[in-house]
Amino acid sequence: MSPTVTGPDPSLVYRPEIVEKQYKDKEDYRNFENGGLFDRVFHTYKIMHSIQTLDFVKLKHSEWSHCSHSQMGVMDAVMSLDQLVDESDPDVDFPNSFHAFQTAEGIRREHPDNGWFQLVGLIHDIGKIMALWGEPQWAVVGDTFPVGCRFQNSIVFRENSFQDNPNTSDPVYSTECGIYTNNCGLEKVNMSWGHDEYLYRVMKYNECSIPEEGLYMIRFHSFYPWHSNGDYMHLCNEKDLRMLPWVQEFNKFDLYTKTADLPDVEALKPYYQSLIDKYCPGILKW
């Protein structure tokens with residue numbers, strides 16, 4: 001049986017949804033060297049990096065890709081993430097749904113005519129609903145990375161968290177390309193399992209009409225080694241490189257819109273429901 005991690009999303013501090021002052025400086029984000037929740041965050045990544053192998057990822061694909069766990073509308077899924085807030089944590093004092101609306105509103109201010117982009121801001125994290133259905137946090141949250149090839153140095157805690165991962169010493173999986181080929185394209189790469197890949201598969205399964213740029217944002221927004229550190233470029237094809245600026249544009253709203261200035265969610269719901277009705281209407285299978 002795999003070990004589990006209880007408590008709130010441990011990546012909140014480093015995404016972060018933590019607000020120690022109303023407006024954070026950019027250099028205060030994604031501090032993996034210290035902080036009040038460092039031990040918990042490292043513990044989560046240590047388990048993630050020990051267990052997330054190619055075989056594990058394929059198992060999760062078989063468990064989740066049929067979208068047979070529940071049926072609900074997208075807005076209900078957004079609001080359900082409020083259940084993931086840990087009220088005992090003094091650093092987290094507002095529900096996760098606020099971050100969804102903060103991200104969407106940040107995009108709306110700079111891209112007022114791009115409805116699908118705004119919608120992606122709202123829904124990008126709702127794959128975390130897996131945690132409400134029994135998936136351990138280390139298989140839901142945190143940065144993602146390819147499996148089936150060498151783990152690159154820009155992965156968080158790369159030097160001291162992969163020792164127990166059997167793929168590290170595999171004669172094929174430990175090579176630069178592993179089971180892949182140069183410029184094969186990220187669509188052919190198996191990513192570590194988490195909320196990004198799950199939501200992408202939900203969108204595809206339900207034939208939602210979000211354009212390819214938005215699907216890349218959903219699928220790869222936690223792939224920091226790629227979009228923020230420039231690793232794994234040898235696996236990218238021309239399409240990936242065209243989509244990369246879109247993912248990077250999304251990232252600045254995902255990361256830097258988290259402040260103590262909370263939006264009026266109830267007032268915003270009708271507008272965003274209209275976007276849901278356009279791109280992801282009705283009851284979806286999850």
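Including glycine, each Cβ sits where the backbone N, Cα and C put it.
Whatever TrEMBL says is automated annotation, not expert-curated.
Listed in TrEMBL:
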type: BINDING; residues: Arg30, Asp86, Glu87, Ser88, Lys128, Gly142, Asp143, His221, Ser222; note: substrate binding site
type: BINDING; residues: His99, His124, Asp125, His195, His221, Asp254; note: Fe cation binding site
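Among the listed binding-site residues, namely Asp125, Asp143, Asp254, the Cβ with the most fellow Cβ atoms inside 10 Å is that of Asp125. Using Cα positions, the member of the binding-site residues His99, Asp125, His221 nearest to Asp143 (substrate binding site) is identified as His221.
When the Cα atoms are compared, His124 (Fe cation binding site) and Ser222 (substrate binding site) turn out to be 10 Å apart. In sequence order, Asp125, Ile126, Gly127, Lys128, Ile129, Met130, Val140, Val141, Ser222 are the residues near His195 (Fe cation binding site), counting only same-chain partners six or more apart with C-beta under 8 A.
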